[in-house]
Amino acid sequence: MSQPACVLLLSGKRKSGKDFIADRLQCRIGPEVCQILRLSGPLKEQYALDNGLDYQQLLDSTTYKEMYRAKMIAWGEEKRSADPGFFCRKTIELAQPDRNIWIISDARRKTDLAFFSENYQKVLRTIRMTCSDDVRKQRGFIFTQGIDDAESECGLDECVTWDIVISNDGDEALLDMDIDHVVRLVQFMYEQNKST
Ligand SMILES: Nc1ncnc2c1ncn2[C@@H]1O[C@H](COP(=O)(O)OP(=O)(O)OP(=O)(O)O)[C@@H](O)[C@H]1O
């Protein structure tokens, strides 16, 4: 398995902008060295296979994904309680060896954090996206019982010390500064770790 020079682990509430920021970071760092890995990818793929669903549609930010979210969460919890690192391992198996900066765009649980801390401690930087409920609502968030009060949405809300906090409340200038900071950090880590 390939060894990354840097792992950015992104976390945030629904519609806080995890995918948006992951894309921006990847663009700035360079897609030739940086890849986005989604912990929800293998979960959705397996769930789609088992239930005759369209995997591609489950990946997109569409109503299709929202229709199956609650059932997928329940199914994922079952798998995870048997093996907490199951989806993390499946995800990193998909990493391309020639791009050794990883952005894990959707950490949701303490077990996700524990897995990456245990396996990639030296190169791991954790990032929490913050965003007001009002802005999240403008981006399509609707509170859904059973989803937004479940562990998958609240598991990392408290008792976690993040390396970096990015505010994605709509202030573009502030966001640019935060992204610049992360890009510089990644470039530094890449130089330090690329040949180790
Ligand atoms: N800073 C921003 N400026 C403009 N649009 C944004 C910004 N951040 C997020 N968005 C938009 O808000 C929507 C939700 O963002 P995104 O899909 O990245 O959130 P998410 O945290 O990944 O959500 P989910 O947890 O539901 O997958 C998208 O349409 C995205 O393009």
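Note that Cβ sites are derived from N, Cα and C of the backbone, with glycine treated the same way.
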ATP site partner of Lys13, Arg14, Lys15, Ser16, Gly17, Lys18, Asp19 (as recorded in TrEMBL), chosen from Arg139, Arg184: Arg139
Annotated binding-site residues Lys13, Arg14, Asp19, Asn168, filtered by Cβ under 6 Å to ligand 1: Arg14, Asp19, Asn168
Residues within 8 Å of the Lys13, Arg14, Lys15, Ser16, Gly17, Lys18, Asp19, Arg139 Cβ centre (excluding the ATP site residues themselves): Gly12, Phe20, Met129, Cys131, Arg136, Phe141, Asn168
Binding-site residues: Arg14, Arg139 - member with fewest neighbouring CB atoms within 10 Å: Arg139
Cα separation, Asn168 (substrate binding site) to Lys13 (ATP binding site) (Å, whole number): 11
Cβ neighbour count (within 10 Å, all chains shown) around Asp19 (ATP binding site): 15
